[in-house]
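Beneath this line is the structure, given in structure tokens, with notes to follow.
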Amino acid sequence: MKKITILGSTGSIGINALSIIQKNPDLFKVIALVANKNFSIMLRQCELFSPDWVAMRDEKSAHILRKKLKHSKINTQVLTGEKDICALAALEETDHVISAIVGMAGLLPTLSAIHAGKTILLANKESLITSGYFFMKALSSSGAKIIPIDSEHNAIFQVLPLEIQKNLGKTTLEKNSIKHLVLTGSGGPFYKFSSSDLSNVTPDQACSHPNWLMGKKISVDSATMMNKGLEYAEARWLFNALESEIKILIHPESIIHSMVQYYDGSLLAQLSVPDIRTSISYAMSWPDRICTEVDYLNFYKINNLTFFEPDFTQFPCLKLAIDAFSQGQASMTVLNAANEIAVSSFLDSKISFTKIYEINMEILMSSCFSEPKCIQDILEIDRKVRILAKNKVSSLIF
């Protein structure tokens, strides 16, 4: 039985992971759950899964949860704050940690789990793209393992040789007869929109993905295709891939989740209906597979599968992320922080959709940071850039 801690249990990934655990109680046991401040969902999760521990980042929410658990006579211990969250990520009794906290808030807890030698089921891409060198170095020295949850990286993982699966980031693609990886992306809800149309889209429109049910932040990132740029960076680190070894392809139907081109001419792909439970369940059960309630792919109902090259003019955030990766970890940290503030401001209706790119570009172009020498340097860059980005948003409002 695998003993699980979920970082970000009240979000989309966490809720879906718990639904898989609920269907497979003989395979998984929940040891600890972590969330930000959604105490009502956390209360329900405690009632259903009886974790030994939970941690809420928000102290007020933790206080409310303690009262409600006591009233319900549930013995789960409630902790609060980042220090306690990191402690739960490294619990001795846990062997698998699902890293699903959104954004840079997931960095330190994920690193804590890595240093403790856990198997990390990674959905929090921000922790890897901003601190890839330190992340992979810690992974190597601790003996921890990493399995990606993102549908694209999970799809690639599924069709890789076992040698790479067991040693992500430690071996080259070329040594395993791989010519390149193909990251697919739907193009989001706006891939047919004109530039003038994009300036008027609403947060609700941006969060209405045609194929996937996701959280708000990642939905907006999908709409700008920043998400694909971040996934490009994630793939570079995870699979130790060179720039020439990654291709990006727009695939609006979201049936082929990614592909691996081998030197012998074989192109291996992972196909399924667009349901994140497929990749979550594979990550949780690897190297085995388990039954899920995901519908099977029916080829008779698929009219056609289409593919396009990405248009960097229409999706400049994608190009911005690819270029930032080539500039180093400081640039990726700057871009990630600026984007988190810009997306949050758009969701709060403070800025227009097209301003997301403008803010990202201006902050990235105007920032000049030395390459980080440690995690603390990355956190400091992140802190300073968030201030710059918030000031930029304020200047656009007033």
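If you go along the chain as it appears here, the first residue is 1 and each next one adds 1.
Cβ from N, Cα, C; glycine included.
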Check: Need a hand: Swiss-Prot gives Asp150, Glu152 for Mn(2+), which of Glu82, Glu92, Glu93, Glu231 is also on that list?
Finding: Glu231
Notebook entry, point to check: Which of Gly188, Gly215, Gly229 does Swiss-Prot put in the same NADPH site as Thr10, Gly11, Ser12, Ile13, Lys37, Asn38, Asn124, Glu126?
Noted result: Gly215
Margin query: If I go by Swiss-Prot, which of Lys118, Lys125, Lys170 binds 1-deoxy-D-xylulose 5-phosphate at the same site as Ser151, Glu152, Ser186, His209, Ser222, Asn227, Lys228, Glu231?
Written below: Lys125
Checklist line | Spatial neighbours of Glu231 (1-deoxy-D-xylulose 5-phosphate binding site) among the binding-site residues Thr10, Ser12, Lys37, Asp150 [C-alpha, 10 Å] | finding: Asp150
Margin query: Let me check the 10 A CB neighbour count of Glu231 (1-deoxy-D-xylulose 5-phosphate binding site). How many other CB atoms are there?
Written below: 28
Next item on the list: Rounded to the nearest Å, what's the C-alpha distance separating Gly215 (NADPH binding site) and Glu152 (1-deoxy-D-xylulose 5-phosphate binding site)? Just drop the number here, would you?
Entry: 17
Check: What's the CA-CA gap between Asn227 (1-deoxy-D-xylulose 5-phosphate binding site) and Lys37 (NADPH binding site) in angstrom, rounded?
Finding: 25
Notebook entry, point to check: Applying the rule Cβ within 8 Å of the centroid of the Cβ atoms of Asp150, Glu152, Glu231, what extra residues of the same chain belong around the Mn(2+) site?
Noted result: Lys125, Pro148, Ser151, His153, Asn154, Leu183, Asn227, Lys228, Glu234, Ala235, Ser258
Check: Counting only other Cβ atoms and using a 10 Å cut-off, which of the binding-site residues Thr10, Asn124, Asn227 scores lowest?
Finding: Thr10
